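Beneath this line is the structure, given in structure tokens, with notes to follow.
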């Protein structure tokens, strides 16, 4: 489904701030797999997602989606196949446009924008049904500007927008990190429901180790631009958060450096 | 002030209104501070005047002006999207270049349309309309512009342009080529500005190489005035606000001219209006904070006293 072959990405090559963000990453994700990605600060988790989405060009390696080489495809062409949710709730929606307008923009992901009507009546009906499934009452506020919604509401809407035109691949970049715990839980449940409904192949970056093990069916750990751990199947089922931290120290030779991990670890789940 | 002066302000507000809608399109919809506007306005006037003087139909001259304006916007857009020139600089480059081109089009710094047929000599000649011919003509053109633009901004393409101005990263992740959206948006905005230039040249009876100077600030002042009075809650309201702002801006200008302000001071006045309007939210915030602080200090003082008792 998704294949990364020896992918390398360096920021500011040749400069004083040169930083190898990804080093020879090779990753094979099967259809329907839900992969959680963990790793300390600066491990290259977000860079990995951005490379897959086409935000950054890479120096070496190949990216294949559905056996098609998409390495040289620009971001907006790849977008036809890839749904994304960002960490910042403000980044996934257009604040000055209404809920239904945002959904209409998302429904046309990967399609040319013509002089056709921006929203048709049947689409409005679809949006109403889909919004009702979120359980946030947004179906009654379809002509409200998105800028008036709370962060949690906006992020829930963004998850719906990323999946309303079913993508081949869903990329979630710490999409609940900026939300309060209760809202984060709602958005996580919602995301899991949508992933299950469409059997979406998903890559999800998270700083919550417990969530990383509980969600999906595979977990990879990154450190300094490399994948240092790849867990799935019964081995993953046996693994605890404490095991993960031990594995990290063994594989990287350093302590897991993410201040937020301890915080969320104390709370148990999210 | 006499009725004639008010009528004049209304006519001007409507004709310059198309330009203000163009400014709204760049500044508010695309979030692109496009200085092409100054020279696109002159270009529209120059092209319209030249075509009319060459014996073509005045309506046709407006169509050509629109096309030339769109081309000017396209050049600015290409500088930005292809050569990665910053938005502000891309507009400045086109503006300076068009100064020479506008002079080439006109062949001289000023073209008079006094003794030729324009759309306004035609409107004034319609006896049924009395003195309201030019105003009604302006109203007709601006209403057409508003309706078409409103319909357009609700299409897939129009919504793509709006989303590009709102959140570029998001709309690119939804598969939209934001470079194309900017090109189309800038072309439309400058086409509107050039249309306005063509209308104004015919209305005033001349085209002048300097007539576009400061147009962007006049447009911005009008947009801000309109938003304050009409609001911008919906798209249609925001468009209507642009034209309303334009009319009020021209009325204010007429008023201060009547009061004896020399016309050469107008640009200073316009800049001041924009500066004051833009500082308004900050001033209001500061005043609000001060009021809150005063209240809390008073609260603390009374609290102190009750303890003393």
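Start at 1 and count along the chain as shown; that gives each residue its number.
Placement of Cβ uses the backbone N, Cα and C atoms for every residue, glycine included.
TrEMBL entries are annotated by machine, without manual review.
As annotated in TrEMBL, transmembrane segment covers the listed stretch B:238-260 rather than the other ranges in B:31-53, B:238-260. Within its own chain, the transmembrane segment (B:209-231) has Cβ neighbours under 8 Å at 16-17, 19-20, 22-24, 27-28, 34-35, 37-43, 45-46, 99, 102-103, 106, 109-110, 193, 197, 200-201, 237-238, 240-246, 248-249, 267, 270-271, 273-274, 277-278, counting only residues six or more beyond its boundaries. By number of Cβ pairs under 8 Å, the transmembrane segment (B:266-283) is matched best by B:238-260 from the list B:6-27, B:59-79, B:86-105, B:238-260. Counting Cβ pairs under 8 Å that are 6 or more residues apart, the transmembrane segment (B:59-79) and the transmembrane segment (B:183-203) reach 3 or more and are in contact. When each of B:6-27, B:86-105, B:132-153, B:238-260 is scored by its Cβ pairs under 8 Å to the transmembrane segment (B:183-203), the top-ranked stretch turns out to be B:6-27. Ranked by the number of CB pairs under 8 Å to the transmembrane segment (B:238-260), the listed stretches B:6-27, B:86-105, B:132-153 are led by B:6-27.
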